[in-house]
Every structure is written in structure tokens, then in C-alpha cells.
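**Q** According to TrEMBL, the record shows the following:
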type	residues	note
TRANSMEM	42-63	transmembrane segment
TRANSMEM	112-137	transmembrane segment
TRANSMEM	144-162	transmembrane segment
TRANSMEM	234-255	transmembrane segment
TRANSMEM	292-317	transmembrane segment
TRANSMEM	323-341	transmembrane segment
TRANSMEM	353-375	transmembrane segment
TRANSMEM	422-440	transmembrane segment
TRANSMEM	469-486	transmembrane segment
TRANSMEM	520-539	transmembrane segment
Amino acid sequence: MNDLLASKPDTLHERPTQHVPSYLDRRSAGILRPFVDRLERIGIIGPTVLLWIATLGLVYAFLGTDVLRGNRGLVNLTESFGALERVALWQRALQWLPGSTGEGGFFTLPPVAIASGVRTTMALMFLLQAWSFWLAWRGNPQPFWRWLLGPIGAHLILLLMVPSNADVFFYEISGDLAANGINPYIHPLIEFPDHPIYPYNHWVNMSAVYGPLWTTINAGLMRIAGPDPVAATVLYKVVLGSAAIACAVVTYRLAAYLTANRTPAIAAGVLVAWQPNMLIESSGQAHNDPVMIMLATCGLALVLIGGTGTIRGAIVLVTASSMIKYVTLPLVGILALVRVTTRRSPGWGFRILGHWLIDVLAVAAVTIATFMPYWSGPETLAEMFSEPGRIFTHPLWFMPSILLENVFSPEIAERYEEVTRAALQVVLLIVLGIVVHRFGRTLWQGRGGAGPGSGGDTRRPWLYPWTRPLLVAWTASVCALAFIPANSHPWYWTWPVVPVALLVTFDADEATRRSQPPTWFWVYLSVTMVFTLVYHTRIVNT
């Protein structure tokens, strides 16, 4: 992969200074000019320091939870089984920090103050992402590694953040079971009540729900950390934070290849590295999504650089990512469709069908190889299939449920959730079907072309003409998978940031040289911020 990424064109140039004036450009000639000039003079140091301050504030807001007063405070800190135990565990582990009582506790804050603190710091992090992206977009001359100092420092600070979500402890206990020869896919956690990590879990009645590749990784990490919940959680935070930074680096390298322009490439990497959910849900909450994203992005990069000859390798990488979380499996079909661009060659029909058959065998081989250590019949997959119907968390769909429960009855709210969940699954399938159909039609009609340079892009003749259609299909599919389902979480909202970054920078370099990204980009950032704030700052009791 590094060799392929290094094969980008020899000349990386800066964005030309001539561009179509945007609204901001026109306004900056008036009342916004002093503000814009000040932001540009501050440069990268301003958002970097503010990001460190924001993440430290977020750490202390979580640590201020009063565990002795029970189910009072933010939903994610107090409501689920094991939630208060997780907060108390981290408070005990951080007694060396200023603000601790020295007796295992911390200073306490009222729930409203915690919610306000979390809301303020998270909102600031999103604004800093937009600020940093905007600076990079406008051609700030700093090298890319300097743009990573803010996120790397934030990742280090977020190692101190309370792991309020139970998922990392589920990783740990299932990995420890696997490391000790116990199959976590057929033994629910409730069978091991004396395990030292058991008290910090919520889903104790479940067996393993994640893909087998992730379970194998869990087993390896737990062999290193042992069944110590603090040591294991810190190890997961370090590994997943590193994966998040790696995603940003790969995005930067791939964008540099696609655009041959350092300015949009840096902007793409900055958008990923500074994404608040990517920061919080990796080093902060230790979710496995950066590993899944990394594998899928490497698959995308492989086919964009290598063309149809590398599709099978890309399919293997994306299938491996689906063995972390199976949601990326639809992306395999999108990659396979690229093969229709070879249909103008002699004997194309049987050749494409033959390639697709081997692609299916490759997917099966990866699936069988990763499941083999744990396979015990169909029951191995039971939790994986039931998981999407277990919870109802998406803020957009959950808020009406709360309203129905308060105005009418819990039964009506429950019925609403059942109907909405099923309807959203149908909507998701329809959206994915539309994306696949439009992508396939584009390729079939020849607008995707065949070899490099055949699409008429004289400025970037090394690119395959189906590059943009693939980026659009990939972005639309990942956004649908992340934002539509009823069981969506903030860590799901890390999935779209890489393809969004690649698409918006690719289009800007290709088209108008505008000084601002398109409107849909700002809508994406705003929606992600609003959903994240609502999700993280709901209060159970004051």
C-alpha cells in the first residue's frame, strides 16, 4: 500500500490563487475582513492549543460525575448497567490528577453543569475542526505533520477520559475469554460473573457480537494487557487512537495522489484528524471503528490507484474490515461493479462473470478463515443478526419516542420504535439499492471509462475515469449506513469522514477552484455536530 501511495505524480503543487469568489470572499471585503485576517494570522497554533484545552475540559467534565448519588446525570455516564462502576474505576485510577479527593473520588459537579461542560467542549471541538479545515483549504503553508500536533495531543489527553461506554469492556472480556480457549460466540458474559472485567459490562446476557477478526485482535491485546480493566482499556485507547491518526495519514496520501495538489490533500487529512468523533470515540471511548475504517480505506485506495487489476485485493481488504463490523460488506458489491468498465474488450461477458465468481470465493475465504477458530454452527452468528434490533439510539428518531412516552404511554413509544426501526431498515436498503443502480448505470454507459486518462481529464491523466463515480457511490453508501439506522451512535458518524474528505477535495481540485466547499459539506458537518451533542448530553435525573 505504501508503494502504491508513493506512486502519485511527481509534482505536487499549491492551489492556484485565482478562484471564483465565494460568499465569504465577498463579505470579507467588508465587515468580515478583519475577522478573517485575524484567523489567518493566528494560524495553526490557535486551534491546536484550543483543541488541547477543549479535550482537557471534556475529561474533567466526565470525571465530575458523582457516583455516590446514583442514577443522576448524563445518560451515558449513569444509566446503563456498569456505568457508575466505569466512572468510579477511572476516578480511582486517576487519583494523581488535580481535582481528586485522594480517597478514590473526584470533585463533583451537578448534572446540568456536566451537560453544559460537555456541550460546550464538544461544540468547540467541531468548530475547531471547521476552522482548521478552512485554514488548510485556503493554503496555509504548514507541512502536514504540524497539522497532526493538535490531534495527537488531544489523543494523549483523551487517554484520561472516562470510558463511559461499555463496548471497550466487552472487547476486553470477550478477548480474554478467547485468549484462554473459551469461545465468546457461544458463551454469554453472564457465565463469568467472577471475571475482573465483568462488573463494567452492560450486555452481560450476550455472547460476542463483533466480527471474528476483531475478536482475534481482542485476544492478542488481552494477552498483552491481562485481565486488568485499567491496563487493558489504556492499551485499547492507544491502539485505536493510533489507528485514527493512521486514517488521517492515509487520507492525506490518497488525496495527494488523486489531486496532485498539496493544499487539498492537507485539507482532507486535517478534516479526518480533527474530527471530534474520531478523537473522542478512539482514544476517549476506545471504539473499534478506526480499525474498520482503516482497512476499508486501504481497499478503496488500492483500487483507485491500481485499477481493475487490484479489485480483488481491495475486496479482500474491505471484507476484512467487515470482519471487524459487518456494516462495510455492501461496499464489496460497489467494488465488484467496477469490473463492468472492462466490458468493451473481447469476451468481456464470461470474463467478468468469472472474475465475480472468484471475488465471491475470495470473500468466502476471508470469512471462513476468520470465523474458523470460533465456528460452532449457526448459533455463532445469532447475536450478530439480532444486534440491530436491540437498541434505539439515533437522536433524530429517539426524540419522538421520548415525546410519545411522556404524552401517551411507554407502550405507544415502544410500538413507534418497532415500526420506525423496520421502516428505516427498508429505507436503508432502498438508498443502497439506488446508489448501486446509479453507479452501475454510470459505469455501464461508459462514463466510467476504462483505463487511465480515457475519461478526458487532461490535467490528471493518471486517474481512472471512474474515480469520481466510485468516490460518490462510496460516500453515499457510507453516509447511509452511518446516519439512517435507528441504532446509530456517534462512533458510527466517524465512518463518512474519510470518503467525504476525499470527495470534497477531489471535486474542488477538479472543478471551480472555489475558496469554499459546497453547501452539502457544511450541512454534513452541522448535522454531525448536532446529533453528537444531543446524543452525549441527555440528562437522566437532575
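The first residue you see is number 1, and the count goes up from there.
Keep in mind that glycine also has a Cβ here, set from the backbone N, Cα and C atoms.
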**Q** Do any residues, 6 or more residues outside the transmembrane segment (422-440), come within under 8 Å Cβ-to-Cβ of it, and if so which ones?
**A** 330, 333-334, 337, 340, 388, 397, 469-470, 472-473, 476-477, 480-481, 484-486
**Q** May I ask whether the transmembrane segment (292-317) has at least three C-beta pairs under 8 Å with the transmembrane segment (353-375), counting pairs 6 or more apart in sequence?
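**A** When sequence-distant Cβ pairs are counted, the transmembrane segment (292-317) touches the transmembrane segment (353-375), since at least 3 lie under 8 Å.
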**Q** Using a Cβ cut-off under 8 Å, which residues of the same chain at least 6 positions beyond either end of the transmembrane segment (144-162) come close to it?
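**A** For the transmembrane segment (144-162), the list is 44, 47-48, 51-52, 54-56, 58-59, 62-63, 65, 77, 86-87, 90-91, 94, 97, 128, 132, 136, 234, 237-238, 241, 244-245, 248-249, 252, 265-266, 269-270, 273-274, 279-280, 282-285.
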**Q** Please give the sequence-distant neighbours of the transmembrane segment (520-539): residues at least 6 beyond its ends with Cβ less than 8 Å from one of its Cβ atoms.
**A** 73-76, 111-112, 115, 118-119, 122-123, 126, 129-130, 276-277, 393-396, 399, 479, 483, 489-490, 493, 496, 500, 504
**Q** Go through the chain and flag residues at least 6 beyond the ends of the transmembrane segment (323-341) whose CB is under 8 A from any CB in it; none is fine as an answer.
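**A** Beyond its ends, the transmembrane segment (323-341) has Cβ neighbours at 210-214, 288-289, 291-292, 295-296, 299, 303, 308, 311, 314-315, 352, 355-356, 359, 363, 366-367, 370, 384, 432, 435-436, 439-440, 443-444, 448-450, 464, 466, 470, 473-474, 477-478, 481, 495.
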